[in-house]
């Protein structure tokens, strides 16, 4: 596996590779990331990964400086997965001058849910993903469904800019107790780690309530509020538990709900100092 930091060297290395499958990451790789590499191999060849902790998507009170950076360990994991190239640029490599041009998602998708609680987050995500796409020029890119809103935003960005890239969604990888794998799980204390699977169980409770209700009389807002209250009683600080349409992450109208519109439940909540996100399709 070649480890490359220069944009030009990456382009030179991939010249003529018109079926490359790309997996962008911020490093600190776990089994969830490695499953993305395996899925990428099913859809393209060679597999190209990137590791870059993108300052643009971190807010002023977020964990950019303490975000775990484990490059040597990550390299060993990617080598075992048969990744062809790892693009691991420095901040100077990616942004040799101030990044004055940004890619901003539409407000109806970028300023809701995560965007409401992390202003500017998706602008930073879209900007770096667009730049990474420009660097790697892949035919396929794989994004995990754990970051459901990010997946939707990247997919729409690719459509809007007519980029010749297929976006492949990857299922969330979970621990045996249901907790979605995340680099931030390492911040949990032992007691918090024992409590953390409650977030996924709460999503299942919401799904069971929705599926078991009479749709004509169901009150989705009340279901959401009850789920937040349940988490709060256990010591969580929930930002949202929200039932949305899968197609555009907007709240379903009563008519859409009655017609059986495919839905997804999304949540974000703090447990101690650690903010966890998860989702479950209905």
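Note that Cβ sites are derived from N, Cα and C of the backbone, with glycine treated the same way.
Residues or ranges marked as active site, proton donor by Swiss-Prot: 33. Residue 33 (active site, proton donor) is surrounded by 24 other CB atoms, counting those within 10 A of its CB over all protein chains shown.
Within the same chain, residues at least 6 positions away in sequence whose Cβ sits under 8 Å from that of residue 26 (ATP binding site) are 51, 52, 53, 54, 67, 183. Residues or ranges marked as ATP binding site in Swiss-Prot (evidence: sequence analysis): 26-33, 144-147, 173, 181-184.
Secondary structure at residue 150 ((R)-pantoate binding site), taken from DSSP and collapsed to helix, strand or coil, is helix. Counting every protein chain shown, the number of other Cβ atoms lying within 10 Å of the Cβ of residue 150 ((R)-pantoate binding site) is 21. Positions annotated as (R)-pantoate binding site by Swiss-Prot: 57, 150.
According to its DSSP assignment, residue 57 ((R)-pantoate binding site) is helical. Sequence annotations record features per position, and here Swiss-Prot assigns beta-alanine binding site to 57 based on sequence analysis.
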Neighbourhood of residue 145 (ATP binding site) by C-beta distance under 8 A, where only residues 6 or more apart in the same chain count: 151, 169, 170, 171, 172, 279
Residue among recorded positions 33, 57, 150 with Cα closest to the Cα of residue 173 (ATP binding site): 33
In the chain carrying residue 57 ((R)-pantoate binding site), residues 6 or more apart in sequence that have Cβ under 8 angstroms from it: 120, 121, 122, 123, 124, 125, 128
Residues satisfying Cβ distance under 8 Å from residue 32 (ATP binding site), sequence separation of at least 6: 144, 146, 172, 173, 180, 181, 182
